[in-house]
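K.L.:
The structure's right below; bear with me while I get my questions together.
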């Protein structure tokens, strides 16, 4: 099937500086690339906005007819007290914020929250632990019970809990875990300005272990942490050269929290998030692009542009770990006003 009028086929090709082309007609035929360069991706990020939106929408409509959006709910099972020194995070023991360490939520309480999320319309339940890494023992056994319970409710189950061993990944897969989240946060070049307690290679190794266990990969990053556009292109390059691409790519905007080293950083221009989402959609056509933290500060119009140009999931609920999120009713109205259907798996 021809995606657009062949008479304007040449305008449906994006020319890069090295004289190569990205033919948007070929994407529908399964031409998924894993050899993107940072230069190519930056050229896409820098396109005139209307041109970028048009190209992204071609890909988005091709893979997501009807603009269906998955609603995911996120619960912080273990909040605060993390030994990592992530400069953006209010849960780090290195940052003097109002977030205090809390005990791990019990299994039944987590499953109650999962039921409530399902009743509210979510079909993916994500659980977060503020840990550097998973340790074997009672807490991990409880995590396995939570995963099994969430799956028995008919929900997808996602966990984010830091680094992981091969054995732990296998046990989570046996419990039915749908996805494991482990973000790269930023580019390899900018990474040392954000965190020193874990290497970039540590993160990539965690992703490898998740993939080898047969669990789908959820991996994205954060913009607005003082990085350049080239850094954003470099982050996307790392993601888009993974083979296969991550099934889920959360795109976050920094929420500057008082007491963190990034407390004084200004909010990004909402159109920067639109550009990031649109570019991610173009280079990773089959991945689910998740509009994640920082969504509240974007405004309705920018959120709709993100949904139009590539985002096909939002985190749904009043809180994301320790930061605020649009209220459930506001999200329902947003999706209804945009004519978007939720959910799909």
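Glycine is treated like the rest: Cβ placed from N, Cα and C.
The structure displayed is predicted, hence computed values, not measured ones.
Heads up, here are the entries from Swiss-Prot:
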type: DOMAIN; residues: 67-295; note: domain 'Radical SAM core'
type: BINDING; residues: 82, 86, 89; note: [4Fe-4S] cluster binding site
type: BINDING; residues: 126, 158, 218, 290; note: [2Fe-2S] cluster binding site
K.L.:
Based on Cβ atoms within 10 Å, give me the single least packed residue among the binding-site residues 82, 218.
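P.N.:
Candidates: the binding-site residues 82, 218. Fewest Cβ atoms within 10 Å: 82.
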K.L.:
If you count the other Cβ atoms within 10 Å of each Cβ, which of the binding-site residues 86, 89, 126, 158 comes out on top?
P.N.:
126
K.L.:
Around the [2Fe-2S] cluster site (126, 158, 218, 290), what further same-chain residues have their C-beta within 8 angstroms of the site's C-beta centre?
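P.N.:
Result: 72, 74, 124, 160, 179, 181, 248, 250.
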K.L.:
By the DSSP assignment reduced to helix, strand and coil, which category contains residue 290 ([2Fe-2S] cluster binding site)?
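P.N.:
Going by the DSSP assignment, residue 290 ([2Fe-2S] cluster binding site) falls within a strand, counted as strand.
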K.L.:
What is the number of other Cβ atoms found within 10 Å of the Cβ of residue 290 ([2Fe-2S] cluster binding site)?
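P.N.:
Result for residue 290 ([2Fe-2S] cluster binding site): 26 neighbouring Cβ atoms inside 10 Å.
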K.L.:
Whole-number Å only: compute the distance from the Cα of residue 89 ([4Fe-4S] cluster binding site) to the Cα of residue 158 ([2Fe-2S] cluster binding site).
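P.N.:
Approximately 20 Å lies between the Cα of residue 89 ([4Fe-4S] cluster binding site) and that of residue 158 ([2Fe-2S] cluster binding site).
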K.L.:
Residues near the [4Fe-4S] cluster site, 82, 86, 89 excluded, by Cβ within 8 Å of the Cβ center?
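P.N.:
Here the non-site neighbours turn out to be 84, 85, 88, 90, 91, 92, 94, 95, 130, 195.
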K.L.:
Could you tell me which three-state DSSP class residue 218 ([2Fe-2S] cluster binding site) falls into?
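P.N.:
SS state of residue 218 ([2Fe-2S] cluster binding site) = strand.
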